[in-house]
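In what follows, a single structure is set out as structure tokens and then discussed.
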Amino acid sequence: LAKYPEIKTLMGPDPHLKWIVSGMVFTQLLACYLVKDLSWKWIFFWAYAFGGCINHSLTLAIHDISHNVAFGNKQAKWNRWFAVFANLPIGIPYSASFKKYHIDHHRYLGGDSLDVDIPTDFEGWFFCTPLRKLLWLFLQPLFYSLRPLYVNPKAITRMEILNALVQFSVDLIIYYLWGLKPVIYLIAGTILCLGVHPISGHFIAEHYMFLKGYETYSYYGPLNWLTFNVGYHMEHHDFPSIPGCRLPMVKKIAAEYYDNLPHHQSWIRVLWDFVFDDTLGPYSRVKRLCKLAKES
């Protein structure tokens with residue numbers, strides 16, 4: 001920032017985010033109507049090939065919204081409730097809990113018992129062969145949802161309760177209007193596309209040590225178009241208050257700081273290497289002891 005103070009002008013809300021996210025939510029609601037009479041094999045096909053891609057993208061929109069980039073820092077409640085709205089097609093309450101733990105991921109990156117993004121010792125010990133690592137990738141949604149309860153349990157917040165009430169109410173309304181298949185379409189898409197799917201390569205690409213000495217990596221490929229530029233991950237951790245749409249500008253302005261860093265070319269290749277490279281696995285993360293910051 002001292003060298004490139006113009007980066008400060010990139011901070012602040014993204015005025016287009018709310019419209020993009022709203023379009024995705026309503027696209028999924030339309031899809032619920034369209035799939036209500038399909039056979040089960042087509043329900044799961046479209047859940048994986050289409051709906052799940054939108055749902056995974058919405059989880060990354062929620063990631064951006066958790067940094068208050070939809071309405072700005074002065075409208076925190078608007079951001080929280082908009083995240084609940086973005087959560088609707090995911091089928092499972094997610095946004096409020098994600099916000100609660102994602103703060104720690106930034107504040108205590110790799111922190112033992114603080115950053116719940118770090119796999120547990122059991123995960124590192126058991127999922128150590130190609131077949132087991134592949135199984136671990138399939139089970140990623142399960143581990144991401146349950147790991148916080150074991151590693152760093154926190155009291156349930158009022159926002160989490162409201163998130164669940166709104167989510168399950170909408171699920172019931174969809175079930176009442178169009179039956180079970182649209183609900184399964186939404187939830188199956190979320191689970192399948194957070195598991196073994198090209199977009200899910202970002203889970204591994206971001207912080208697993210493919211090279212010693214480097215614990216955060218960016219990815220500059222085309223899937224950033226579907227994921228709110230989450231691939232610009234080094235840039236994001238440097239400037240979490242800059243919305244994803246402007247992270248390429250950070251790299252362009254301060255190119256000397258990013259161009260020579262190791263980065264990924266393909267999230268599919270990341271998944272392949274993770275499974276078949278004996279030097280990689282759930283243990284391939286930096287874990288450090290962090291002092292708990294005092295809340296102001």
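Even glycines carry a Cβ here, placed using N, Cα and C.
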Looking at the candidate ranges 81-98, 243-260, report the one that TrEMBL labels transmembrane segment.
81-98
If we skip the immediate neighbours and take only residues 6+ beyond the ends of the transmembrane segment (81-98), which ones have a Cβ under 8 Å from one of its Cβ atoms?
18, 21-22, 24-25, 28-29, 51, 54-55, 58-59, 61-63, 65-66, 70-71, 148, 157, 159-160, 162-164, 166-168, 170-171, 183, 186-187, 189-190
Surrounding residues of the transmembrane segment (184-205) on its own chain - C-beta under 8 Å, 6+ positions past either end:
28, 31-32, 35, 43-44, 46-48, 50-57, 59, 89-92, 134, 137-141, 144, 171, 174, 217, 219, 223, 226-227, 230-231, 233, 264, 266-271, 274
